[in-house]
Amino acid sequence: LNSPNAVLQHMSIPQFLGKGTPVVFVRKSESDYGDVVRVMTGVYIKFFFKTSKLCVDETVWKVNDEELVVTGGNVGNENDIFKIKKTDLVIRGMKNVYKLLHCRSHLGCKNIGGNFKNGYPRLAAVDDDKDFIPFVFIKA
């Protein structure tokens, strides 16, 4: 049985805010204590499912060879690390707007932007520093 592994983007329409799938941030370093994830700290991102259904064993995000964000990563793999960076954007009065970076070991970081693949809005690692999808975090 093959499970779908695409990480898709909820469109930024007000009625959809907060209806995406919750994620958990797993800190890369055990020396980063507490419940707070600090900006520009290496983290692994994994979907948080409250279910026992099939296809939830691959929940950790990674970037594949096509530069698309997919599941199937591993906590502990240096190539599956993301970072959160604060931006100066203000969206709908919200000042705490962030962008995600994918940081492969020894290759630097790329913004997480978007593209359409097979008709779906996909998250993807992009080279252009000005091309990124802004994120607002909502506690699940």
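Note that Cβ sites are derived from N, Cα and C of the backbone, with glycine treated the same way.
Keep in mind that what you see is a predicted model, and the values were worked out from it rather than measured.
In the three-state DSSP scheme, CYS103 (disulfide bond) falls into the strand class. Taken from Swiss-Prot, the feature disulfide bond applies to CYS103-CYS109, supported by similarity to another entry.
Same-chain residues at least 6 positions away in sequence with a Cβ under 8 Å from that of CYS103 (disulfide bond) are, in sequence order, GLY42, ILE81, PHE82, LYS83, CYS109, LYS110.
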